[in-house]
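Student: My questions all concern the structure below.
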Amino acid sequence: MPLRVYNTLTGSKEEFVPINPGKVGMYVCGVTVYDHCHIGHARANVVFDMIYRHLLSKGLEVTYVRNYTDIDDKIINRANRDGVAYNEISERFIKEFDNDMARLMLQLPTFQPKATEHIPEIINLVQKLIDKGFAYQSGSDVFYRVDRFEGYLKLSKRNLEDMQAGARIDVDERKEHPMDFALWKGAKPGEPYWESPWGQGRPGWHIECSAMSTKFLGETLDIHGGGKDLIFPHHENEIAQSEAASGKPFVKYWLHNGFVNINSEKMSKSLGNFFTIKEILESYDAEVLRFFLLSAHYRSPIDFSDQNLKEAELGLERIYKALAGIDERLASGAHTPADADNTEFAEKVAGFAGRFGDAMDDDFNTALALGHLFDLVRVINRELPTASTGLLEKVKAEVAKMAAVLGICDSVPAAFLQRMKDRKTSDMEMSAEEIETLIAERAEARKAKNFKRGDEIRDLLLEKNIVLLDSAQGTTWKVK
């Protein structure tokens, strides 16, 4: 089936048809680098990394641009608070962001421009808007005339008059209209600045994205993405700037991811439920966090809680255990002839792969795609003992292909499962080695028909939340 995406601009799902056949230009708003990134930033970036991966998997040539906002009031305030230069703050948190994204297994975008490296392009764009009558100078500031742009608020579906009437807007005598927004800000004493035709100053937040997206992707983009919180004012203002300057549609498809709630409440510093990526990864594996963020449809809200993270961990382990089972069969040398294969198994694998692709083509429905992947895991576990090595190799490759679109299961299965065991036992009184020693002792006791001792060991481990799993292949264990 063709790829269909939900376009915020039209409010409907549409078939995705690139402006230039076979090529896609995608711009995603990056972070303002003044502090550590939180779970909401993680979701937005994981979502658009997944979208990037899926587009690539369909054979499209994707130019993916994600910016850094490295000059802003928040950065200046942080620099003043810490008593350092603004760029010391921005460079520090760019490194922190890059480290967080690497741990979450994001592929690098094609370009990662910084606002401060594109001041000439920003100044040229502001001047163009002034020349066309869409912007005006007021002292050393430059503002955009919102009532001059006919399509203003078409993305957020708001009404300018209603907003003006219902909002508490401080009177700003520099502005012609209360909703006008800054394109260029005159520098205050002690602030960083760049020379411009309007005096020393720096760019406003919205203009930088218009300038950088146009530089790298042209006047009309295929995809522009970000969180729903950016629809207004940021993306609305980008449209106003870019379309007024070029006279062309700015973006063909607007994509926005949903919010992250914390234990069913909106995330907020004032509520004390604000978590950085760094804090979360002290308690959970990065791949588990990524898996969790993809477990819901990207446009839906997702509820971050310990219970939901633990469920994500169990789900990811299920996939890895199936892959580990395949690896063990292949490594054992046990050979099952191909003519003994269950042809229904091979057909089911192909069917699941097709349904996975269809789910991803239906507005990147990762929740449904993961459901098909879990269905495949159940079939693998059932057919594993009797399938031929040749078929298992094909199944493993098919699972890897699906997982790669989601950016999961890139670890060696046995290594991932061991990592999970180590993490779970790190706070326990017993080490993994001690548990294995007791399991070996229990096996010897049972062999000697000393079932009382065997039961004692099982009960001792159960008291410490260690559950033993007996099978024909031996005994394994898991944390309860």
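Every residue gets a Cβ built from N, Cα and C, even glycine.
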Student: Taking Cys209, Cys409 as the options, which does Swiss-Prot list with Cys29, His234, Glu238 at the Zn(2+) site?
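Tutor: Among Cys209, Cys409, only Cys209 appears alongside Cys29, His234, Glu238 as Zn(2+)-binding in Swiss-Prot.
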Student: Which range, 176-180, 261-265, 266-270, does Swiss-Prot list as motif ''KMSKS' region'?
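Tutor: Checked against Swiss-Prot: motif ''KMSKS' region' maps to 266-270.
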Student: Scan 31-41, 86-96, 361-371 against Swiss-Prot and say which stretch is down as motif ''HIGH' region'.
Tutor: 31-41
Student: Quick one: DSSP breakdown of the motif ''HIGH' region' (31-41) into helix, strand and coil?
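Tutor: Per DSSP, the residues of the motif ''HIGH' region' (31-41) fall into 3 helix, 2 strand, 6 coil.
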Student: For Cys209 (Zn(2+) binding site), which DSSP three-state class applies?
Tutor: helix
Student: Compute the mean position of the Cβ atoms of Cys29, Cys209, His234, Glu238, which form the recorded Zn(2+) site, and then list in sequence order the other residues of that chain whose Cβ is within 8 Å of it.
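Tutor: Sorted by sequence, the hits are Trp205, His206, Ser210, His224, Gly226, Leu230, His235, Asn237.
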Student: Let's check the environment of His234 (Zn(2+) binding site): how many other CB atoms sit within 10 Å of its CB?
Tutor: 17
Student: In which DSSP state, out of helix, strand and coil, do we find His234 (Zn(2+) binding site)?
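Tutor: For His234 (Zn(2+) binding site) - judged by DSSP and reduced to three states - the answer is helix.
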Student: To see if you understand the setup: which same-chain residues, six or more apart in sequence, place their Cβ under 8 Å from that of Cys209 (Zn(2+) binding site)?
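Tutor: Same-chain residues close to Cys209 (Zn(2+) binding site) (Cβ under 8 Å, separated by 6 or more) are Tyr27, Cys29, Asn67, His234, Glu238.
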